[in-house]
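Asker: Dumping the structure here so I can ask a few things about it.
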Amino acid sequence: MSDRLLVLVRHGQSEWNLKNLFTGWKDPDITAQGVDEAKRAGKLLKAEGFVFDAAFVSELTRAKHTLSLILEELGQTSLPVKSDIALNERDYGDLSGLNKDDARKKWGEEQVHIWRRSYDVAPPGGESLKDTLARTLPYYVQEILPGVLRGERTIVTAHGNSLRALIMVLERLSPEAILKRELATGVPIIYRLRADATVESKTDLAG
């Protein structure tokens, strides 16, 4: 089994997930359920014997809080953590902070669906998934992947769309395929990589 370990975790449920709001770069914390999800992720990783050498996180509170709870469960609170805006959620621009139902009333269901689920169409003032990939992928290639290939066991805690961008590259998925991929909050996805950075194995640690 490969020692080139990469674990991806979407943050626990956020306050705005619960309220059905577009969040993007807005900065709500996680809910009580989100706290439970993060702690559960940490317990599952600990039960499987995971110990990490490197940790990466976005600049947003919901991801940072999730990672801190995971590391607490692992007894690794002293592990250095690198945070970067490159791992932030997709910026929803003018949709940020709006209730998703209200947005559908304002712009129409079809238009909002296009903004949410097309690869290269951005909402007003915001990013498409393609835009998100354009900032997330270089950071992965330059900052995260080299350590993984050296055998550093690495955890990345981020967001639905920034993680979709990484998964698209890791699993060599088409834009159509990645847009259909739903990522549960607080569920670790375990990748073991080959020396050429392709995926040897993948496991969802749902418990």
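The chain as shown is numbered from 1 upward.
Glycine is no exception: its Cβ is also placed from the backbone N, Cα and C atoms.
Just lifted these from Swiss-Prot, have a look:
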BINDING   10-17, 23-24, R62, 89-92, K100, 116-117, 160-161  substrate binding site
ACT_SITE  H11  active site, tele-phosphohistidine intermediate
ACT_SITE  E89  active site, proton donor/acceptor
SITE      H159  site 'Transition state stabilizer'
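Help me understand the surroundings of these features in the structure.
Answerer: Its Cβ placed at the centre, G160 (substrate binding site) has 17 other Cβ atoms within 10 Å. DSSP assigns G160 (substrate binding site) to a helix in the three-state reduction.
All protein chains included, H11 (active site, tele-phosphohistidine intermediate) registers 29 other Cβ atoms within 10 Å of its own Cβ.
Listed in sequence order, T23, G24, W25, S58, L60, A158, H159, G160, N161, S162 are the same-chain residues at least 6 apart in sequence whose CB falls under 8 Å from the CB of E89 (active site, proton donor/acceptor).
Here the Cβ of H159 (site 'Transition state stabilizer') has 26 other Cβ atoms within 10 Å, regardless of which shown protein chain they belong to.
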Asker: If you draw a 10 Å sphere on the Cβ of Q13 (substrate binding site), how many other Cβ atoms land inside?
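Answerer: Excluding its own Cβ, Q13 (substrate binding site) sees 22 Cβ atoms within 10 Å.
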Asker: Given a separation of at least six residues and a C-beta threshold under 8 Å, show me what packs close to W16 (substrate binding site) in the same chain.
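Answerer: Expected: F22, T23, K26, P28, G97.
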Asker: Could you give the Cα-Cα distance between K100 (substrate binding site) and H11 (active site, tele-phosphohistidine intermediate), in whole Å?
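Answerer: Between the alpha carbons of K100 (substrate binding site) and H11 (active site, tele-phosphohistidine intermediate) there are 20 Å.
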